[in-house]
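Chemist: Dropping a structure here in structure tokens format, bear with me for questions.
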């Protein structure tokens, strides 16, 4: 049965208009984005099938075009839509984070970092630069590449903080497909960076390690110098 034959109150678009987006399931929201299904499968049925295949909305939205194209009804158009949705969501979240008066809640930072870094396929490092009131000034990418290629120079982070007139900063990097547990190299790097930042009166508040499923805070683990 096509969605047009459903009772009006159960159709995803009508349901959204009547009850709001929060009332819709992941499959219903995805169906609105997909717009159409395939032969013998409504958009909602296709959405449910894709969610089951990929395991979560996040994994589906971040799937590579080649993997999406293996499913009937999916391809470059769907990949483009998903990429746009993710980027819009990331930018909205970044705006909300930047407009926050004070970043006193580590969970807010963790949520942003999970969204920003959690689905990256390579290791990416970023710095969150803050003013004296812990208000976000800017988010800057420090490096991108494989683990072997992902070299971060402490002097560059110091220069970045000074150029942005930051009073403090938070750094983060992801472990693609790995554990959020910090390595000995991560711990030693954090200590050296904290020492270097203290020489220019900039505080290193925390170091986060991000995976698609979790976020690890050095401060919460008692690893900050």
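Glycine residues also receive a Cβ, built from the backbone N, Cα and C atoms like all the rest.
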Chemist: Need a hand: Swiss-Prot gives 173, 175 for Zn(2+), which of 163, 186, 201 is also on that list?
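Modeler: My reading of Swiss-Prot gives 186 as the candidate in that site.
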Chemist: Taking the recorded Zn(2+) site as 173, 175, 186, identify the other residues of that chain whose CB atom sits within 8 Å of the mean position of the site's CB atoms, giving them in sequence order.
Modeler: 123, 125, 174, 180, 182, 183, 209, 210
Chemist: To what whole number does the mean pLDDT across the domain 'MPN' (102-224) round?
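Modeler: Residues in the domain 'MPN' (102-224) carry a mean pLDDT of 86 in this prediction.
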Chemist: Count the Cβ atoms, other than its own, that fall within 10 Å of the Cβ of residue 175 (Zn(2+) binding site), considering every protein chain shown.
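Modeler: Within a 10 Å radius of the Cβ of residue 175 (Zn(2+) binding site) lie 21 other Cβ atoms.
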